[in-house]
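Take a look at the structure set out below.
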Amino acid sequence: MGSCARLLLLWGCTVVAAGLSGVAGVSSRCEKACNPRMGNLALGRKLWADTTCGQNATELYCFYSENTDLTCRQPKCDKCNAAHPHLAHLPSAMADSSFRFPRTWWQSAEDVHREKIQLDLEAEFYFTHLIMMFKSPRPAAMVLDRSQDFGKTWKPYKYFATNCSATFGLEDDVVKKGAICTSKYSSPFPCTGGEVIFKALSPPYDTENPYSAKVQEQLKITNLRVQLLKRQSCPCQRNDLNDEPQHFTHYAIYDFIVKGSCFCNGHADQCIPVHGFRPVKAPGTFHMVHGKCMCKHNTAGSHCQHCAPLYNDQPWEAADGKTGAPNECRTCKCNGHADTCHFDVNVWEASGNRSGGVCDDCQHNTEGQHCQRCKPGFYRDLRRPFSAPDACKPCSCHPVGSAVLPANSVTFCDPSNGDCPCKPGVAGRHCDRCMVGYWGFGDYGCRPCDCAGSCDPITGDCISSHTDIDWHHEFPDFRPVHNKSEAAWEWEDAQGFSALLHSGKCECKEQTLGNAKAFCGMKYSYVLKIKILSAHDKGTHVEVNVKIKKVLKSTKLKIFRGKRTLYPESWTDRGCTCPILNPGLEYLVAGHEDVRTGKLIVNMKSFVQHWKPSLGRKVMDILKRECK
C-alpha cells in the first residue's frame, strides 16, 4: 500500500484536518459542535460486484509483475472458484483489514470489459474519501458515483481516464484545478499495487462549514458506486513477443476503503446501530461505523435533524463546524403542562424572532400557547405553584345560584381565584344561598326581604330583633366612579356591603388621628393609600378589591403597587363592614396581617380615613420620626 494511502487510513491526511475531525472546539462531552469518529463504511456491510472470478465454475487466471526496467517477469497463473474458500476472491475481500489481510482481493470474471462495484448503506452517512488498491492494472476509464436517495438517482463524484477529453469530453484537473475528471490515477503502471484516491472535501469545499447545506450536498451518501469502464494491460515488455498472453483479461482489487462517519449535523459524537440492521459477519466488524446518532444539544432524530419534542422554541439548526457553535435547540415554556411543542413561524415572526414555540395538548386543565392559563371551568389555585399538576382546580359554582357569563352558555368562575358570579341577591363563594336580607333561592336569584330587619331565607317571613333599626328611610343613591384610565372591575353582580349601603344597620365610629404614640403603639403591619374598586360577599366574609396607589409602610410583607385584596371584619358578625370602605373612593388604611394566611386584615383596630394629601404627609412624618 502506498504511503499516502496509509496516511489516509491512519490520520486522514488533509481531508480530516480540514473537515469533520477539525471541528472547532470538539470535546468528548459534545459541548460544542462535534462529530462521531470516522471509519471504513464498507466494514460490516456487503460490497456488490457484477461478476466474481469462478462464480459458475473453476477458472484459470494469470498476471504479470514488472521489474524496475519494465521487463515482464514470468507470468504467474492460478485457479479461482467462488464456492471454495481457499480459491475464492469475493467482493468482501476488498473490505477486510488492509493491515491484517493485505494479500486478499476481489477479482472479476475473465474477459469482462465493464464491471461495477457498489456499497449500499442502511442510512445517510458522511463520506469523506475513497481509497482503492488495485491488484490488476488500474482501468483506463472509470466513474465514481453516489446516491443520496438509496439508489433511485445517481450523481457523479469524479471521472477517471488516461485522456479525459477523448474519453468523456471533459477537462482534466491536472490542467484545470477543480475539474470533475482526472488522469492522475489512470496510468497502467504499476501493474499491481496502483492506487486510486478520491477526497470529497477537495476545493472548493475544504474551507466550508462541514455541516452547511452546500457541504452536506457534497458529502451525504446512501450508496457509492464505481463503474470500471475500460481495462488496460500491464505495460511491461515481454521477451518472447510470439508468446501470446492468456487469461489476463480481468479486474482485481485488493482494497476498497470508504472513509466516512455517521451523519449527525454536528449534534452527536457517538452512534448506535440502525434499528433492524444486521452487520455482515466478518473479522473486525466491532470497528464498524453505525448509522443512528445519539443526539445532544436537545436534538432528536436518526441524524439529529430536528429538535427534541419539548425544545422547539426556535428554528432547528445544524451546528457550526467552523466556529464550534452548537446551535442547541431551546426548550418551550410550557409551565410543566405539556410533553411536546411545535415551532410556528408566524408566532416566531410576531415575537421579533425571539420565541416560536407552541405547546401541544396542554395537560392538567390548562390552555394557551405556553399552557399559561386555566381552561374555562377551572380556576388558578394560588396556594400551588402554577407548574404543579393540580394548579388548576375545577369551578364549583352552584348551577341555580350562579350567573352565566356574557357570551357563554355555561357558568364559569373567575379563573384567577375561583369566585363564582352570583345572581342578584345570592351569596357564598359558590353562589349557593341567599344574602342576608334576601330570600327565595331560585332560578332568578333571591328577592329582598320586605322587612325592617332580616327574614327567613326560605319563606321570607320577617325575623324581629332588638338590634333592628328602622330601615324605612331611603338609601343614598351611590354609584362608584371609575377613572377612565382604569379598567372597571368586571364582577358587577357581587355588590359591596358597607355602612353607606346599609346605614340603617351599621354604626361605625368615626376615626381620628390621635397622638403619635398611640398610632405607633398599634404596630401596624402596613400603611397604604388605596382606592376601593369593589366588594364581594363570600357568605362567611367580605373581600374588598383595592388598587394600592402608594405604600407608606410595610414590615415583613412584600407589598407592591397594583391590585390587592383586603379582608374586613366579617359583615355576618356586624351586619356591615367597619371601618367603612366605599367603592370608588380613596383611603389611607393602616392595619395588620393575618400571620396564618398572610392576608391584609381591616378591623376595628385598623386606622381608616378618606385620603387627603395633608393626612398622608402627617402619617409619613409620624412613621419616620416617632415609630422607631
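Just so it is clear, glycine is given a Cβ too, placed from its N, Cα and C backbone atoms.
Long-range neighbours of Cys264 (disulfide bond) (same chain, six or more residues apart, CB within less than 8 Å of its CB): Asn35, Pro36, Cys271, Cys293, Cys295, His303, Cys304. Under the heading disulfide bond, Swiss-Prot lists Cys264-Cys293 (among others), citing similarity to another entry as support.
Residue density at Cys304 (disulfide bond): 26 other Cβ atoms are found within 10 A of its Cβ, drawing on all protein chains shown. The disulfide bond feature in Swiss-Prot is assigned to Cys295-Cys304 (among others).
In sequence order, His297, Asn298, Thr299, Cys307, Ala308, Tyr311, Asn312, Asp313, Gln314, Trp316 are the residues of the chain that are 6 or more apart from Cys329 (disulfide bond) and have a CB within less than 8 Å of its CB. Residues or ranges marked as disulfide bond by Swiss-Prot on the basis of similarity to another entry: Cys307-Cys329 (among others).
According to DSSP, Cys341 (disulfide bond) is assigned to a strand segment. A 10 Å cutoff on Cβ-Cβ distances gives Cys341 (disulfide bond) a total of 26 other Cβ atoms nearby, all chains included. Per Swiss-Prot, disulfide bond is recorded for Cys332-Cys341 (among others), and the stated evidence type is similarity to another entry.
Cβ contacts within 10 Å of Cys359 (disulfide bond), excluding its own Cβ and spanning all protein chains shown: 25. Residues or ranges marked as disulfide bond in Swiss-Prot: Cys334-Cys359 (among others).
The Cβ of Cys371 (disulfide bond) has 27 neighbouring Cβ atoms from other residues within 10 Å, across all protein chains displayed. The secondary structure of Cys371 (disulfide bond), as reduced to three states from DSSP, is coil rather than helix or strand. Summarising the annotation, Swiss-Prot assigns disulfide bond to Cys362-Cys371 (among others).
There are 26 other CB atoms within 10 A of the CB of Cys374 (disulfide bond), with all protein chains counted. What Swiss-Prot lists as disulfide bond is Cys374-Cys392 (among others), and the listing cites similarity to another entry.
Taken from Swiss-Prot, the feature disulfide bond covers Cys395-Cys413 (among others), and the record attributes it to similarity to another entry. The secondary structure of Cys413 (disulfide bond), as reduced to three states from DSSP, is coil rather than helix or strand.
What Swiss-Prot lists as disulfide bond is Cys422-Cys431 (among others).
Positions annotated as disulfide bond by Swiss-Prot, on the basis of similarity to another entry: Cys434-Cys446 (among others). DSSP assigns Cys446 (disulfide bond) to a strand segment in the three-state reduction. In the shown protein chains, 23 other C-beta atoms lie within 10 A of the C-beta of Cys446 (disulfide bond).
Taken from Swiss-Prot, the feature disulfide bond applies to Cys506-Cys576 (among others).
Marked as disulfide bond by Swiss-Prot: Cys520-Cys627 (among others). In the three-state DSSP classification, Cys627 (disulfide bond) falls within coil. Close to Cys627 (disulfide bond) in the fold, though at least 6 residues off in sequence, lie Ala516, Phe519, Cys520, each with a CB less than 8 Å from its CB.
Taken from Swiss-Prot, the feature domain 'Laminin N-terminal' applies to 30-261.
In the domain 'Laminin EGF-like 1' (262-331), the DSSP tally of helix, strand and coil residues is 3 helix, 10 strand, 57 coil. The domain 'Laminin EGF-like 1' feature in Swiss-Prot is assigned to 262-331; the stated evidence is sequence analysis.
If you look up Swiss-Prot, you'll see 332-394 marked as domain 'Laminin EGF-like 2', on the strength of sequence analysis. On the 0 to 100 pLDDT scale, the model's mean across the domain 'Laminin EGF-like 2' (332-394) is 95.
Summarising the annotation, Swiss-Prot assigns domain 'Laminin EGF-like 3' to 395-448.
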Distance [Cα-Cα, Å, rounded] between Cys371 (disulfide bond) and Cys422 (disulfide bond): 28
Residues in the domain 'Laminin EGF-like 2' (332-394) grouped by DSSP into helix, strand and remaining coil: 6 helix, 18 strand, 39 coil
Cys422 (disulfide bond): secondary structure state under DSSP, collapsed to three categories: strand
Whole-number Å value for how far Cys332 (disulfide bond) lies from Asn56 (N-linked glycosylation site) (Cα to Cα): 63
Inter-residue Cα distance where the pair is Cys395 (disulfide bond) and Cys431 (disulfide bond), in Å: 11
Sequence-distant neighbours of Asn163 (N-linked glycosylation site) in its chain (C-beta under 8 A, six or more apart): Ser183
Recorded positions near Cys359 (disulfide bond) (Cα-Cα within 10 Å), from Cys332, Cys341, Asn353, Cys413, Cys434, Cys446: Cys332, Cys341
